[in-house]
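A short worksheet on the structure shown next.
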Amino acid sequence: MTAILERRESQSLWGRFCNWITSTENRLYIGWFGVLMIPTLLTATSVFIIAFIAAPPVDIDGIREPVSGSLLYGNNIISGAIIPTSAAIGLHFYPIWEAASVDEWLYNGGPYELIVLHFLLGVACYMGREWELSFRLGMRPWIAVAYSAPVAAATAVFLIYPIGQGSFSDGMPLGISGTFNFMIVFQAEHNILMHPFHMLGVAGVFGGSLFSAMHGSLVTSSLIRETTENESANEGYRFGQEEETYNIVAAHGYFGRLIFQYASFNNSRSLHFFLAAWPVVGIWFTALGISTMAFNLNGFNFNQSVVDSQGRVINTWADIINRANLGMEVMHERNAHNFPLDLAAIEAPSTNG
């Protein structure tokens, strides 16, 4: 009797790479999205650190008045920022090889565009990696859906808004004070505080914080005691235990009596869906608001003051907001134009004689 033994062909290098990339046994899951995420985020992070420390001033307004943003050029952690790409570049794709020299690339703010584009690609891949890992583990996909809210917000301020305004110089600077400067200028030019989508975003963020604090405090206050009074209550929990760690009936009864019965969830699953959905939907609306205001579909304005029967102005809060917006706009790019855009756009009165 003859036995035929087949030699098992060794798996190709590509096959082993595919198995390693998609293995859920790795300490950190990589996935196919991770193949793109890792180099893009490493590039964005490396260039950000180097530029924040040592980048030379950038001609952000395109008027040959460079603005310094790095630590070595006089800034500190609060005032430092990666200055957006120059208005002279506009929306042009501006990699290093498009500039005549590295000095020119730095002067025109090339690092900002490099960081932003790599960062957005990286966080989008991170979101895809969340979905990919959930899929391979047999989980539902809602973690990636929740993460889409900050991804949408980042895309709105770093990409959609510059596209709508016609230049990457209008993007948000990458720094603490630069972020606040962006917010102030955005209010001056678009009246974002009077935009309903921004209001929904505020409700989402602050409401989410409130609900998170309420949920955490209710759970912590209704733990099922498994320890003595001399031990921490946290020691009564063992990772993976099947038993409930808190009494949802007690928490439901407390909150129902504190407010009213139907203000309290009696279903843990619907409760946690609500905790996730509220801030996510709010931030989605904020990102949508930024994206619409990018194309100058601005917040409500009340430029026509209320007047009485004699034609005298009755001052309202709207008048104060309008004056504040004009003041902020005057301070913005003060050397690029002499008047706020709202005033400069008004047709000059005709004169006779």
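A Cβ is built for glycine as well, from the same backbone N, Cα and C atoms used for every other residue.
Just so it is clear, the model here is predicted, and its values are computed rather than measured.
Using a 10 Å Cβ-Cβ cutoff, H118 (chlorophyll a ChlzD1 binding site) registers 20 neighbours. Swiss-Prot lists H118 with the feature chlorophyll a ChlzD1 binding site, giving sequence analysis as the kind of evidence.
Per Swiss-Prot, the feature pheophytin a binding site maps to Y126; the stated evidence is sequence analysis. Reduced to three states, the DSSP call for Y126 (pheophytin a binding site) is helix.
Spatially close to H332 ([CaMn4O5] cluster binding site) yet at least six residues away along the chain are I184, V185, A188, E189, judged by Cβ distances under 8 angstroms. According to Swiss-Prot, the [CaMn4O5] cluster binding site annotation covers D170, E189, H332, E333, D342, A344.
In sequence order, I192, T286, G289, G299 make up the list of same-chain residues 6 or more apart from H198 (chlorophyll a PD1 binding site) whose Cβ falls under 8 Å from its Cβ. Sequence annotations record features per position, and here Swiss-Prot assigns chlorophyll a PD1 binding site to H198 based on sequence analysis.
Following the DSSP three-state reduction, the secondary structure of H215 (quinone binding site) is helix. Of all Cβ atoms in the protein chains displayed, 17 besides its own lie within 10 Å of the Cβ of H215 (quinone binding site). Per Swiss-Prot, the feature quinone binding site maps to H215, S264, F265; the stated evidence is sequence analysis.
The Fe cation binding site feature in Swiss-Prot is assigned to H215, H272; the stated evidence is sequence analysis.
Taken from Swiss-Prot, the feature N-acetylthreonine covers T2, and the record attributes it to sequence analysis.
Look at Swiss-Prot and you will find T2 tagged as phosphothreonine, backed by sequence analysis.
The site 'Tyrosine radical intermediate' annotation in Swiss-Prot covers Y161 and rests on sequence analysis. According to DSSP, Y161 (site 'Tyrosine radical intermediate') is assigned to a helical segment. Sequence-distant neighbours of Y161 (site 'Tyrosine radical intermediate'): residues of the same chain at least 6 apart with a C-beta under 8 Å from its C-beta are D170, G171, M172, I290, S291, M293, A294.
Taking a C-beta cut-off of under 8 Å and a sequence gap of six or more, H190 (site 'Stabilizes free radical intermediate') has these contacts in its own chain: M293, N296, N298, G299. As annotated by Swiss-Prot, site 'Stabilizes free radical intermediate' applies to H190, with the evidence given as sequence analysis.
Residues 20-23, 114-116, 118-119, 121-123, 125-126, 128-129, 131-133, 136 of the same chain, all 6+ positions outside the transmembrane segment (29-46), place their C-beta atoms under 8 angstroms from a C-beta of that stretch. Positions annotated as transmembrane segment by Swiss-Prot: 29-46 (among others).
If you look at the transmembrane segment (118-133), the same-chain residues 6 or more away from its ends with a CB under 8 A from one of its CBs are 24, 29-34, 36-37, 40-41, 43-44, 47, 139, 141, 143-144, 147-148, 150-151, 154-155, 158-159. Look at Swiss-Prot and you will find 118-133 (among others) tagged as transmembrane segment, backed by sequence analysis.
Listed by sequence, the residues of this chain that lie at least six past the ends of the transmembrane segment (142-156) yet keep a Cβ under 8 A from its Cβ atoms are 119-120, 123-124, 126-128, 130-131, 134, 276, 279-281, 283-284, 286-288, 290-291, 294. Annotation comment: Swiss-Prot describes 142-156 (among others) as transmembrane segment, evidence class sequence analysis.
Packing against the transmembrane segment (197-218) from elsewhere in the chain are residues 251, 254-255, 271, 274-275, 278-283, 285-286, 288-289, 292, 299: each is 6 or more residues past its ends and has a CB under 8 Å from a CB in it. Among the features that Swiss-Prot reports, transmembrane segment is placed at 197-218 (among others).
As annotated by Swiss-Prot, transmembrane segment applies to 274-288 (among others), with the evidence given as sequence analysis.
Looking only at the binding-site residues H118, Y126, H272, E333, the one with its C-alpha closest to H215 (quinone binding site) is H272. Comparing CA positions across the binding-site residues Y126, S264, F265, H272, E333, the one lying closest to H118 (chlorophyll a ChlzD1 binding site) turns out to be Y126. Within 8 Å of the Cβ centroid of the quinone site, not counting the listed residues H215, S264, F265, the chain contributes M214, L218, A251, H252, F255, L271. Among the binding-site residues listed (S264, F265, H272, E333), H272 has its Cα nearest to the Cα of Y126 (pheophytin a binding site). The secondary structure of H272 (Fe cation binding site), as reduced to three states from DSSP, is helical.
Cβ neighbour count for S264 (quinone binding site) (all protein chains, 10 Å cutoff from its Cβ): 18.
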